[in-house]
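Please read the structure below before turning to the comments.
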Amino acid sequence: MNPNQKIITIGSICMIVGIISLILQIGNIISIWVSHSIQTGNQNQPEICNQSIITYENNTWVNQTYVNISNTNFVTEQALAPVALAGNSSLCPISGWAIYSKDNGIRIGSKGDVFVIREPFISCSHLECRTFFLTQGALLNDKHSNGTVKDRSPYRTLMSCPIGESPSPYNSRFESVAWSASACHDGIGWLTIGISGPDNGAVAVLKYNGIITDTIKSWRNNILRTQESECACMNGSCFTIMTDGPSNGQASYKIFKIEKGKVVKSVELNAPNYHYEECSCYPDAGEIMCVCRDNWHGSNRPWVSFNQNLEYQIGYICSGVFGDNPRPNDGAGSCGPVSSNGAYGVKGFSFKYGKGVWIGRTKSTSSRSGFEMIWDPNGWTETDSSFSVKQDIVAITDWSGYSGSFVQHPELTGLDCMRPCFWVELIRGRPKENTIWTSGSSISFCGVNSDTVGWSWPDGAELPFTIDK
């Protein structure tokens, strides 16, 4: 083949390759156009997903449904008008307590990222129940958990997570900087109360839907403190009790009426020889009932009830089935403070039913261990120690701690009454165990008028952790 023939042959091959490449490009363009035409045609056939979520936006609860159209999510919204929780129903009749939640936070925290906490409590809106807790700005099994037995520090914050979940950085919502706190929902928004600052001048910061709305300054300059459980709401108003003054003597106690995060009224209790701390409050038939801790001189629990105008009555639970810890053995009760083993105490609760009372208490008379619920049919007004029902919650060989009440409004349950519930803190670590930290998990129960069972639902974590060795 001479040189001219070689050139002609190579040129012909290049031309053929170029033509093939051009044909392929034209085919690619045609296929893209056809694919786009098919996709555009499918827009007339939207696929409706069954997923429905609840979100909070612009102070209005919004029901959102996602419609999947060509891989693009559009949101259709139907606003649900917010309605204030009435709070005027009576407590539901109950025969026992059904297990509601258990977070297993300490067990999971041995290998997972779980907050070091104490003072957990539960509060419910008309849509959900959340666990609130005071963190120590530290995780379990980490060096910053050292020394977290301390109650008040600038690192403590109020946070919340869905009920039954272990409190972690991944599921928790910041609420307030606080070493003492309360929270509740009025049917429209969340009210949070967080107390922080020095012992001689602490300030309570009130937030409504996450926005600061008011503050309350310590009026006795002696460790302003509040409930460590939910406040109580009815007809658009929420109510809380605060204490300022000695933990082992006469202190000052105030009831606050709060609307949309603003204090609209307060009254100081005229309660000589009474001691109120860490009250557990709930609405019942249009009034608020609070059962509290006497850290001064009572092994039975003081109570205060009041209406929306803050007109109040005070007393002590009369039953000889004593509810505090430490306490004497059950015996002769009193409608005033029972002084035997009356010093110190632990946060607790009771539910009043006419002349009767459900009493929650530790099983041990001297340490924060075990837990039980007792029904005393005459215990609110009579001083004997007889009772008719005892339900085991935590065995005496396992640690317990604080306990408190919460309620589920009819707007949440669909019942025509207020469902009584309670939570129990299960404290682990210092000062009773050989660790560098103090934390806790929690369990909760709700009252039912059907079958229940007594058992033990302990924390269950095996200590010490790696950080403790």
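Just so it is clear, glycine is given a Cβ too, placed from its N, Cα and C backbone atoms.
Look at Swiss-Prot and you will find 1-6 tagged as topological domain 'Intravirion'. Annotation source Swiss-Prot lists region 'Involved in apical transport and lipid raft association' at 11-33. If you look up Swiss-Prot, you'll see 28-469 marked as topological domain 'Virion surface'. Annotation comment: Swiss-Prot describes 36-90 as region 'Hypervariable stalk region', evidence class sequence analysis. According to Swiss-Prot, the feature N-linked glycosylation site maps to ASN50, ASN58, ASN63, ASN68, ASN88, ASN146, ASN235, an assignment based on sequence analysis. Annotated region 'Head of neuraminidase' per Swiss-Prot: 91-469, in sequence order, evidence recorded as sequence analysis. Annotation source Swiss-Prot lists disulfide bond at CYS92-CYS417, CYS124-CYS129, CYS184-CYS231, CYS233-CYS238, CYS279-CYS292, CYS281-CYS290, CYS318-CYS335, CYS421-CYS446. The substrate binding site annotation in Swiss-Prot covers ARG118, ARG152, GLU277, GLU278, ARG293, ARG368 and rests on sequence analysis. Annotation comment: Swiss-Prot describes ASP151 as active site, proton donor/acceptor. Residues or ranges marked as Ca(2+) binding site in Swiss-Prot: ASP294, GLY298, ASP324. Taken from Swiss-Prot, the feature active site, nucleophile covers TYR402.
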| Those residues of the chain, 6+ apart, with a Cβ under 8 Å from that of ASP324 (Ca(2+) binding site) | ARG293, ASP294, GLY298, SER299, ASN300, ARG301, GLY342, GLY345, VAL346, GLY348, ARG361
| said: Applying a 10 Å Cβ distance cut-off over all chains shown, what neighbour count does CYS318 (disulfide bond) have? | reply: 21
| Between CYS290 (disulfide bond) and ARG368 (substrate binding site), what is the CA-CA distance rounded to a whole number of Å? | 22
| message | For the Ca(2+) site (ASP294, GLY298, ASP324), what does the 8 A shell look like? I mean other same-chain residues with CB within 8 A of the CB centroid. | response | HIS275, ARG293, ASN295, TRP296, HIS297, SER299, ASN300, ARG301, PRO302, TYR316, PRO337, VAL338, GLY342, GLY345
| remark: Nearest by Cα to GLU277 (substrate binding site), of the disulfide-bonded residues CYS124, CYS231, CYS446, is CYS231
| message | According to DSSP, collapsed to three classes, what secondary structure does ARG293 (substrate binding site) have? | response | strand
| Long-range Cβ environment of ASN146 (N-linked glycosylation site), under 8 Å and at least 6 residues apart | ILE436, TRP437
| request: For CYS421 (disulfide bond), just give me the three-state DSSP call. | output: strand
| note | Model confidence for the topological domain 'Intravirion' (1-6), as mean pLDDT, reads 61
| message | Within its own chain, what residues at least 6 apart in sequence put their Cβ under 8 Å from the Cβ of CYS279 (disulfide bond), listed in sequence order? | response | GLN227, SER229, ILE241, CYS290, VAL291, CYS292, ARG293, VAL304
| request: Work through the recorded positions one by one (ARG118, TYR402, CYS417) and name whichever has its CA nearest to the CA of CYS281 (disulfide bond). | output: TYR402
| request: Could you tally the C-beta atoms, other than its own, that fall within 10 angstroms of the C-beta of CYS231 (disulfide bond)? | output: 26
